[in-house]
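As written in TrEMBL, here are the features:
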- A:16-36: transmembrane segment (TRANSMEM)
- A:73-96: transmembrane segment (TRANSMEM)
- A:108-134: transmembrane segment (TRANSMEM)
- A:154-175: transmembrane segment (TRANSMEM)
- A:203-221: transmembrane segment (TRANSMEM)
- A:233-256: transmembrane segment (TRANSMEM)
- A:276-298: transmembrane segment (TRANSMEM)
- A:318-337: transmembrane segment (TRANSMEM)
- A:349-367: transmembrane segment (TRANSMEM)
- A:379-398: transmembrane segment (TRANSMEM)
């Protein structure tokens, strides 16, 4: 089989750097705007009576930290799905995906950066994002003592949280590198031994992933709303990551194909990726609804507060995103990708995958903002700027990872089968 | 009315696929091909159009969804309103599981029933087996013979030159 090398031109790289630069400029503009008090009307009324009203307008640092956290969780999740996708394909003895497996492999190269950013943002901005990090909540003599949060201190304490974070990233990066090394050695030496070893590594990773994807979702997203809890939450975040990751893989395959790479990928592979995106956007909705229905039906105040915050609460600030989330992540992909032809046409899939990637960014926005910035949340320069910076960095590491190895895993035992894939 | 068929027997999948292409290119109409297992790509070379069953499925599903919503809204909202769990009479979220199930059910049933009707599957159906070996290890290609039109010798040559290991004739009683 012929090797295919991706060449990232200087021009393309410059585009990514430009993306980061524009992001930084927007970010600085947004920060200046906020710090000067121009942007937030809340500031004007807030400052004087803030203490009395119990409402303090969010500072720009808080907004910045929450945005960094939001984007980092989103992009780390997509990167992690890269390894998860590869592992699932190995364990399932899947043949069709051999031609596209280098893309999810390379997607995971963002993980180390994600880990560092996650650690730094938590160390510097932990108090701004997580209410439970405040010491006084656990002090019985303090008037602000919170028995519910204090009861969770066995799990939710800074030291254990940091240990967990390091362990998650350590394990994820370890397995990613391990699988990647097998794959690259296979390119050089051939034989089936690397394949069989990859299956064993993948099986181990899936066990690790099964636990850590849930617990990391509790840590990084669920604990923002410290009082609230949901047994569906690990699945919910996983579903959101998984469908965004699949959309990212599909979009990359299409873009590479349109630029003349991945010559052996044909409509059948695109069709299968499209089915994945279609199926798991429904899966996400199923999880969303399973979570919503029970809380809506039981209507217990401590549980339904989560949805009230996102609907009528917070002055109805998030209501439009609540419905927008369902439309862009379920109705739109469901109706557009329903026919076979749509899943085989690159243009349709391109539109849907971009919509899903934007939609799930909003999904994470909706998970994090009501518990942190509340009515001060918005979508302005800071949000767009931070996202652009992260996107730029993600694409830089991703394309660098892609360019490092042949796009076709030349000695993969199932490559022949993948080339002749037919549905 | 009896129909006569010429049967080309093949024992190799790849030979069969090229044979189908060549025979169709030569202008001969193939009645059908029987194989012990599904052969990849055979639909394309036989020129079989894609099934329109998904369209039936869509409308079956649409019907199921509309029916389920109408049924629940009418029953619980108008015909016999009841307060359940302090929710409004027409509480859409609680209707969704039933709506989902009926959508799937009607979609599936409409497909199965349409399939039975279109392919005329019924308990009393009498099936003509052209060659019993097509359920074991041989591929059987059937070409209908039109009296006075079909040149039997040319057809025989065409089949044999395209790799048929046997060429038989069969009369089917309708």
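Just so it is clear, glycine is given a Cβ too, placed from its N, Cα and C backbone atoms.
Long-range contacts of the transmembrane segment (A:379-398) within the same chain, counting only residues at least 6 positions beyond its ends with a Cβ under 8 Å from a Cβ of the stretch, are 13, 16-17, 19-20, 22-31, 33-34, 39, 60, 63-64, 67-68, 70-72, 74-75, 78-79, 106-107, 109-110, 113, 252, 361, 365. Annotation: stretch A:154-175 has the most Cβ pairs under 8 Å to the transmembrane segment (A:108-134), among A:73-96, A:154-175, A:233-256, A:276-298.
Across A:73-96, A:203-221, A:233-256, A:318-337, A:349-367, the stretch most heavily in contact with the transmembrane segment (A:276-298), judged by Cβ pairs under 8 Å, is A:233-256. Scored on C-beta pairs under 8 angstroms, the neighbour of the transmembrane segment (A:318-337) with the top count among A:73-96, A:203-221, A:233-256, A:349-367 is A:349-367.
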